[in-house]
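Feature annotations, reproduced from TrEMBL:
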type     : residues : note
DOMAIN   : B:26-471 : domain 'Amidase'
ACT_SITE : B:LYS81  : active site, charge relay system
ACT_SITE : B:SER156 : active site, charge relay system
ACT_SITE : B:SER180 : active site, acyl-ester intermediate
Amino acid sequence: MEYEAVIGLEVHVQIKAKSKIFSRVQAGYGHEPNKLVDPVVMGLPGALPVMNKAALDGIIKAGLALNCTIPETCKWDRKNYFYPDSPNNYQITQYDQPICDGGYVEIELPGETRAVMGEHKKIKLTRIHLENDVGKLNHFSEDSLVDYNRAFTSLMEIVSEPDMSSGEEAFAFLTAIRQTMIYCGISDCDMEKGQMRADANISVRPVGQKELGQKIELKNLNSITGVKNGIEYEIKRQTRELKKGNAIKQATWRWNADLNQTEMMREKEDAHDYRYFPDPDLMPVKIDDEWKSRLQSEIPELPWDKQRRFMEEYGLPYSITAVLVPDRALSEWFEAAAKQAPKLAQAIGNLVANDLLRELSETGESLADCKITPDSLLGLVQVVEKGTIPKNVANKDVFPEMFKTGETAEQVIERKGLKPDFDEGQVRVWCQEAIDENPKPVQNYKDGNEKALNALLGPVMKKSRGKANPQLVNKLIRELIS
Amino acid sequence: MSEELHYKSASELSQMLANKELSSVELTKATIARVKAVEEKVGAFNSFDESDALAQAEASDARRSAGKSFGPLDGIPVGIKDNLAVNGQPLTCSSKMLENFVSPYDATCIEKLKSQGAVLWGRLNLDEYAMGSSTENSAFKTTSNPWDLERIPGGSSGGSAAAIAAGQAVLALGSDTGGSIRQPASHCGIVGVKPTYGSVSRYGLAAFASSLDQVGPMARSVKDAAMLLQAISGHDERDSTSYRFEQPDLLAAIESNSGRKWTLGLPKEYFANAENTPAMEPILKAIDFYRSLGCEIKEVSLPHTDYAVATYYIVATAEASSNLARYDGIRYTHRAEKFDAKDSVDIYCQSRAEGFGEEVKRRIILGTYVLSSGYYDAYYLKAQKVRTLIRRDFENAFKEVDALLTPTSPSPAFKKGEKASDPLSMYLSDIYTISANLAGIPGMSLPCGYSDGLPVGLQILGKPFKEDEMLSIANQFEAAHDFKDQHPSL
């Protein structure tokens, strides 16, 4: 019997904001324990939460970017449960009136090769709601200590429909969310810093069966690869169990990235009774059209739209767009040059996606403090286009110098004496010599074999000590033969 | 001199301070002396810090001699209910849970009082976490009614009411969730005001039931209460339920309204058994007084009154069960010495079992029950719907009348222990006050006579944010009677 998996994800994303969600205290990472606290964060007697509008802006923006409906009002509820990382022993969250309803995430599955675009799919969302994050427990041999620095940081929960069927899709789903959040400046989604975390609900059923199989919850997925591997492992495990005729028990599992396997945390006892009720300390929030359209106007062109446009408008191959687009800054850097000379866009794209990225990764520099500018890069491409220097010289000799010193292409060529010390007339002479010395390929070319001319290129380059521009050579040889 | 001082009103004392007939240090010393003289009998204070109070008084006097006085409250000792946060002072809520807790911050109303120079004087006893109507639920002590030491002072702001009645503080802050300012004010023969919900910030008030709690003034006269209310009310960004509103100058409003002929309503449901209760006599006389002033007295109906107590105990306990979850033995509260170290649930259970008193536990359990899945719709949701109906009752009544007159409490102060073992009968002592909290409207109690030698309070319920009118109505009565000048003999 064939089996298929049904997967839903709950993705927690920390909203980037100066202060915490219901307190004025600073939000941040990497501080000494319990420094980012105040009476609200510590749950002191008498402390009251007050909504931080920046967090609302963040989630509404996220909802708009992920195609959700934003209802006119939303309210706050308390989810009551005891745990030491929660200062009030209730979490302020949204139960039946979340800020974002529905929506979907467009994902791309891997194509046949890296050069072709893969299948695009829409994964439906149930909702996105806002809640306060909790603190962090640190366990030692004798004690467990709580750090409330993270407590009350703004946290979005993006809940998908059970719309995915593989680790690959879950991976693509998280990647798409991450890119969208970073593009919109809503979150940096740094999983190592806990800014993005995911839980997966996974069940397996025989193909053709309508009702869902028994699901398990997989927690502790703190890297995107972890999500993929964890889900794939779990699908295999459940399929194996079902094939053996064993039932799947409702339980919570965790992904152990060190051992590359899932392990059971707890079998689910009775469902927890969270005793949700409307938080009496917080008023419902009205979200009007003006607010929404202001945020809508702050949403930049989103990754998939930009990728399709780059392919269409600049004729870029998929493989280059797949490198440029996921990084908003890089794609904007590219476009700053490309829009000045759309016909040269592919050459620009190649330099950015290959040479620039290579230099950046080798030097560890960031794009922001890179010495080369979109304008100077465009200058280099134009120099090649004019035939002043050949492309290989531009890539190999000129570009790295520009990157190092911030000079223009002309300055590097001048300083390093890369400009050929001969003119077009000299190249024409060498071409004529090559034609005269190689009658056979010339005859082949005249007989209709286009490629035969390649045999003349080598001798000319040799005569020019590699400095002749191959495109120019090609053009002159054709002229001379005809 | 102190004999003369300790029953003077805040406005008189304020005048004396302004005229430099008296210094704040003298006044504070007299207050301390009075506390020392009578506190053993009354038991109003959980704690007080003499040197801190004197330092505040000295600072006030220094400001005054430099010509930089902060206003009418500058230098006046104000007692604080022990559920309001004052930076550096204990905040116990009269609970073992917070026995050793010192607040690291100021409540907004405290910040306001400090900025106006009031001398914050002592921590006043209450029913644990403000749950109760007799101040017998305090984990530390029982406060006595200064009029009869065998009796309770009312609750939960029993310490505040008793301190004012016994001359141990000029003014005091209380909190009112279902009548906790008005009922003890009534029992102790003083003035107590529960302001409109949202008009005084709750920031820094240890929450009992967030949607009902409101901080309010307790004083010996209507004008004193108005002065203190003026000082603490106003919008606060740190409380989301705080309302943006323009409050008129309350003292000026009281003056300018002194001749108005109001239309006053008598809710018939509150007077159904009027003939049978002796405590009703002073109330009926007070109504006659307003009639004699030319006010129109109208019978009105609040048809959902019967459901108020049940609704209140569902809403209040539900919120309390969640609000009190933070007292868990993890951070700053009492932690049990013995617990199963492997299990954090055991820390909670042991610590809460030891830290909370019976009444608090009873309400947490009730609140947990009414919110639990399967019961939410039947109890909490239904109660919220009834609450809306109760609020509408008042809206309808206020279309016809300016304010309502009712008894504050069904009976004068009862004897200690009388109702302690019968929580339901204790809950019924809030029967006339509870609806105002459910509806969010302002209410107050002022002394209007005696029953068997014990003070009886008249309750005035006003329109939302019309404290100026409510206080004006109260002042008309007070001006024509001398109850505010009658004090218990201690």
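We count from 1, first residue shown onward.
From the backbone N, Cα and C atoms, a Cβ is placed for every residue, glycine too.
Keep in mind that this is a model prediction, so the values were computed, not measured.
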Inter-residue Cα distance where the pair is B:SER156 (active site, charge relay system) and B:LYS81 (active site, charge relay system), in Å: 9
Cα-Cα distance linking B:SER156 (active site, charge relay system) and B:SER180 (active site, acyl-ester intermediate), given in Å to the nearest integer: 5
Distant-in-sequence Cβ neighbours of B:SER156 (active site, charge relay system), under 8 Å, six or more positions away: B:LEU126, B:ASP127, B:ALA130, B:MET131, B:GLY132, B:SER133, B:THR135, B:ASN137, B:SER175, B:THR177, B:SER180, B:PRO184
Other CB atoms, at most 10 A from the CB of the residue listed as 'active site, acyl-ester intermediate': 37
Cβ packing number for B:LYS81 (active site, charge relay system), 10 Å threshold: 31
Local confidence of the domain 'Amidase' (B:26-471) - pLDDT mean: 96
